[in-house]
Amino acid sequence: TYGQVACCCGTAGCALCCACCPRIKQSTSTRIMYALFFILVTIVCGTMMSPTVAELMKDNIPYYKDICDHIQAGSACEKLVGYSAVYKVCFGMAGFFFILMLLTINIKNSRGCRAYIHNGFWFFKFLILIAMCSGAFFIPDQETFSNVWRYVGAFFGFIFLLIQLRLLVQFAHKWNKNWTSAQVHKTFWSAALAFVTLILYSVAVGALALLAYFYTHPEGCLLNKIFLGVNGGLCLLVTLVAFSPCVQKCKLGTSYKPHSGVLQSGIISCYVMYLTFSSLSSKPPETMIDDMGRNVTICVPSFSKDLNQDGRLVSIIGAIILFACILYSCLTSTTRASSDALIGRYSPPETEVARCCFCCASSEEDGVDDRVVKKGGQHVAYDEETTTVYRYWYFHFVFFLGTFYMMMTVTNWFHYNYAEIEKLFIGSWSPFWIKMASCWACILVYLWTLLFPVCRGTRKGYVV
């Protein structure tokens, strides 16, 4: 239809063809389109890291060897698969978002020419993305490029990880603040808050018990026992700090209503347990000699010992959670409210309306004066003609960082030589230490949000 053509080749907002779909905002549709770009490239990178796909291509594509020789990709197309190929594709996508970041600095509304570039011309931007990812394969001295790019990716991937952890803490604070600010049906929301908190702590304690059961052995696994004890103790520590009188008194001294931080501590504890599970699943297994003189694999659950069968479940679950965290970080950390929360500035609870979908804007917050365009398909509301909902340049910067984090994760960080997508979360030391360090970084970030008002004194604008 005309609307889809205008979306791909012009400045019109993206929308579905079906008119029965609910109205969509231009700011939302734009972020969804960039997320689709990111998803597409991630799938391509995952495919490149799969030896199974490489074998299928070799067996089913006619003249496969001749094609590889013609494009100078090696006799087995080794330059088009593996970690080196993922580095090149991510180089192109990182450059794509970096250029868009430079083009969208200091955009105030969606009516300028630079805003049109950000919100439209999707077909041309898709072609540019493909061209940049393909052109990276012609970079000279690719061995030097891979060695340098690996450390660049680790640096920016770590920055993204810190933003992701801070965003998780902000999510926990927002959830707690929204439900404790209820003016109507306050008893119901208080009961819901207590119920969810109980579930979160039950999940965290149950996860710790299961990890101790599956990942420890009476005669070994000392490292696993130490880390499980440390991480469990840290979760208990943040809970006690949230309950401590100095933190509670600091809340009472502000202009905001006091509210407990137990829900936040429950969310953080569950996330720390997930990271602990992911890191222990990434750790190489240990062996011991049993009474029969045989080498027995320990410190891994039975379902992950066979990497070709049940062990893939760990990789699938980890990949889904990882990808969901990346998309959530990229799409939500760029709103103005989230950007302010990253530096500890929150809106007062009096402006909150308690609701289940607290992450989304309520109907009262939707703009009633937005210009709505009806062209036979889904209606598009142009909600940024007065001011932007999010910072365009920061949006692309977060996707820029997310590209590096995805690249390093898919290539198994510094264990890239034998990395395979089927064994992504199993049996490497560098992912183990990175994920374990993420647990401690998450705890430190959360403790900072609890103790910062105490160290600085009562200060309006900082809430725990």
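In case you wondered, yes, glycine gets a Cβ from its N, Cα and C as well.
What TrEMBL says about this protein:
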- 32-54: transmembrane segment (TRANSMEM)
- 85-107: transmembrane segment (TRANSMEM)
- 119-139: transmembrane segment (TRANSMEM)
- 151-169: transmembrane segment (TRANSMEM)
- 189-214: transmembrane segment (TRANSMEM)
- 226-247: transmembrane segment (TRANSMEM)
- 259-277: transmembrane segment (TRANSMEM)
- 313-331: transmembrane segment (TRANSMEM)
- 392-414: transmembrane segment (TRANSMEM)
- 434-455: transmembrane segment (TRANSMEM)
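At the 8 Å Cβ threshold, with sequence separation of at least 6, the transmembrane segment (119-139) lacks contact with the transmembrane segment (189-214), having fewer than 3 such pairs. Within the chain carrying the transmembrane segment (85-107), a Cβ under 8 angstroms from the stretch's Cβ atoms is held by residues 37-38, 41, 44-45, 48-49, 79, 114-115, 117-118, 125, 128-129, 131-137, 139, 142, 145-146, 149-150, 153, 388, 392-393, 395-397, 399-400, 403-404, 406-407, 410-411, all 6 or more beyond its ends.
The transmembrane segment (226-247) makes contact with the transmembrane segment (434-455), as judged by at least three Cβ pairs under 8 Å among residues 6 or more apart in sequence. In terms of C-beta pairs under 8 Å, the stretch of 151-169, 259-277, 392-414, 434-455 lying closest in packing to the transmembrane segment (32-54) is 392-414. Sequence-distant contacts of the transmembrane segment (259-277), counting only residues of its own chain at least 6 positions beyond either end whose CB sits under 8 Å from a CB of the stretch, comprise 168-169, 171-173, 175-177, 179-181, 193, 196-197, 200-201, 203-204, 207-208, 211, 227-228, 231, 234-235, 238-239, 242-243, 247, 251, 321, 349, 435-436, 438-439, 442-443, 446, 450, 464.
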